[in-house]
Structures are given as structure tokens and as C-alpha cells.
Amino acid sequence: MFTRDMTIASFDPDLWTAMQGETQRQEEHIELIASENYTSPRVMEAQGSALTNKYAEGYPNKRYYGGCEYVDVVEQLAIDRAKELFGADYANVQPHSGSQANAAVYMALCKPGDVILGMSLAHGGHLTHGASVSFSGRIYKAVQYGLNPETGEIDYEEVAKLARENKPKMIVAGFSAYSRVIDWERFRAIADEVGAYLFVDMAHIAGLVAAGVYPSPVQIADVTTTTTHKTLGGPRGGLILAKANEELEKKLNFAVFPESQGGPLMHVIAAKAVCFKEAMTDEFKQYQAQVVKNARVMADTFIQRGYDIVSGGTDDHLFLVDLIKKDITGKDADAALGRANITVNKNAVPNDPRSPFVTSGLRIGTPAITRRGMGEVEAKELTDWICDVLDDIENEETIQRVKQQVLELCKKFPVYKG
């Protein structure tokens, strides 16, 4: 029998200590990993609810288990809100992650061995866009496009050329490390020319799209997927969206359940519903606009301090710092900044001469610092501190000075007040 006063702290102190350590780390470190964000206590409340106890294979009003009358309401709320938020005609809120959402799209629309055309991981794409180590590059014949070496932007002429030569079943647009606005209509035209599906993975920019500060692909692509964390700031999970197409909707639903997943995570779906409602507020729209402003200030400050930024700037929430000319590895830069309580991630830059485990760049994003309430003043200040460390990554005195400055800034802008 359970009682409401049961706690992890009293039952499992080892686990509790690690959990509290992570909470403290989040409060005392500056988070600049582009794919990370802080979620609201409301989202966490939903994830810790009794909904975690309920099995609900199937879809609302079409379940394989009894007792689903309340989880049906929960899932339908999430579906309806996702459709309203993104202007979609169809939404599936069951994918456990962005990668699983992508896998379901491939299974719904492609057969093993079909050609897919996606952005190279080395140029800013995602593992699931055809990387050789991913299922997407093993089950399907993946052809990869990249960036124009002169501009650092997507080479649409190359995309069109590869599409004409390889006749892909599906063209994948989207990224995990790209700082410019993608021309969705250009991709649509290329896909139509060769008779391919257009699949957009907007996992990184979904919050920006929801707020109207980045163009929406939802009514342009055949299918769009996203995660519900990152810029959306919700729970860790996936989402599939599409414009009206009854045959396509049936294929997508089947690909999620029963083809690739069993029971949905109802507590996470409830948290997605909360997240979608939060994203409809004016406060959220203002937040997303500030995310972009902060990213631009940071990119501009790096350039002023003598650092190269891939494509020369940013139009979204992230950018890549190219450290090749500085003769610093991404791995060493990541480690030095970590000692100063600044969390970034090493990242390959286009045509990177170093291995993916070392790299020559850093990926930096602003969703988390903006969520804490930081604006352009703090963004510039932070960038100057980062550059101070990178200018001499062996200087522990500078690292410790910056760490103290970071701790003071974190106290001023707590993640969770009270």
C-alpha cells in the first residue's frame, strides 16, 4: 500500500543525492546547449501524475483496454491543441521521441531500400536524416546534401541536382545545427519536380514556428515532425503533424501504433497538452522573439571578438562557432567552458578536419538562458566571458574568474524562483 508522504529522499538517498545534484547544476550553470531547455512546473506536474499508471494502446475512443475515458480526454486535448498551435489538419501526439516520430514517417511512406535525400550530419543535419550509423542510413538508401562552402547556407542547387539524379522517394528538410531560415517552398518545388514526399523535421525550431518568428513548414510539407522539448520547452517527446490527407493519416497512425510503438505514455501526453497551451500565450511569443534576439547578439559579439560563425550569423536560436583558425578543438573548448560553469557542446563544422569526438566547433543556443529571463545585455556579457576563456583555454585564473561571474548571474536569474 502506498501513502502520499512516501519520498525518494527517505527511501533511496543515493538516487536523491544525484537528483538534487542535477537540480543544483541546472541552477548554477549557464545552459547553452541548443537542444536543451527548462520546462515548467506544470509540465513536470503532469509527468508525475497518476496518468503514468494507465495503459492505453490505440487511439482516443479506439482503445484495446478499458478504463480509458479520462486518458481519451487527455490525448484529444493534446491533439486538438497541437493542430491549433501549428495550423495542422492532423496530429499524432504518441511518439516517445523525435527520432521515433521520424522513424514512423519513414515506415509510413517508404519501403526498405528506397532513396531518401537528407542533410548531411557533418553539415548540420540529424542522425535520422540518413546518417550511416542511424537506422535511416541503414534501412534506406541515403543520399546527403550539404552547405555551400562560400556562404555556409544550404546549397539548394545541389539539393535539386541530387534529387534529379537519384529520384528520392522522400526529401528531408530540417536540421540539428543550422542557423538560417530554410526556404520550405524551394524544397517543395524540388520535391514536386521529382515526385518525392517532402518531410520536414522542425524539432529545433518548433517553438519559433509556433510563435510566428520562423516560417512554418506545416502546410507546405507532406509531413512535419518535431520534438516537444527544445524551443517548445515541454516534456521530452515527439509529435507528427500533417495537412489534410486521409490516406496519409491512416498510414501515419498505423506506423506509430501498432507498427513501431505499443502503449502511449499518457503522463507525457498530458505534459504535451500543457506545453501546447503554454505555447499559445503572448508570454511564449515574446519569449521566442527574445530567443532569436539573444542568439543574434551572441553571434555578433563572437564576430567582434574575432571568432568565425558559420554562415556569418543566425536567424534562429542557435549558431556554430568555427574554431579552426583559432587552432582550438571543440572538445577542449567544451571542457574549458564547463570548468567555468558554462555548458555548451562540441560540434562539427562544415568540412571539419577533426573527428566527431573531437570536432573544430561549438554549437551554442539561447532557449535556456532566455527562459531564465536573460536579455541582450546578459547575452553579450556571457559571450564576452566565453571569449575570455577561449582566448586562453589553459588560463585557470580566467576560468575561475568567469565561473564566479556565472554564479552571480545565475543567482540573479534563477531557473525556478521561490
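Cβ from N, Cα, C; glycine included.
Among the features that Swiss-Prot reports, (6S)-5,6,7,8-tetrahydrofolate binding site is placed at Leu121, Gly125, His126, Leu127, Ser355, Pro356, Phe357. Residues or ranges marked as site 'Plays an important role in substrate specificity' by Swiss-Prot on the basis of sequence analysis: His229. Under the heading N6-(pyridoxal phosphate)lysine, Swiss-Prot lists Lys230.
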**OP:** Provide the three-state secondary structure of Leu127 ((6S)-5,6,7,8-tetrahydrofolate binding site) computed with DSSP.
**Re:** helix
**OP:** Within 10 Å of each Cβ, count the other Cβ atoms, then let me know which of the binding-site residues Gly125, Pro356 comes out lowest.
**Re:** Pro356
Original post:
Using Cα-Cα distances with a 10 Å cut-off, which of the binding-site residues Leu121, Gly125, Leu127, Ser355, Pro356, Phe357 are near Lys230 (N6-(pyridoxal phosphate)lysine)?
Top reply: none
**OP:** Just name the most isolated of the binding-site residues Leu121, Leu127, going by other Cβ atoms within 10 Å of its Cβ.
**Re:** Leu127
Subject >> CB within-chain contacts under 8 A for His229 (site 'Plays an important role in substrate specificity'), separation at least 6 >> reply: Ser35, Glu36, Asn37, Thr39, Pro235, Arg236, Gly237
Original post:
Which residues in the same chain, at least 6 apart in sequence, have a Cβ under 8 Å from the Cβ of Ser355 ((6S)-5,6,7,8-tetrahydrofolate binding site)?
Top reply: none
Original post:
Whose Cβ, among the recorded positions His126, Lys230, has more other Cβ atoms within 10 Å than any of the rest?
Top reply: Lys230
**OP:** Kindly assign Lys230 (N6-(pyridoxal phosphate)lysine) to one of the three DSSP-derived states: helix, strand or coil.
**Re:** helix
**OP:** Can you see whether DSSP assigns Leu121 ((6S)-5,6,7,8-tetrahydrofolate binding site) to helix, strand or coil?
**Re:** helix
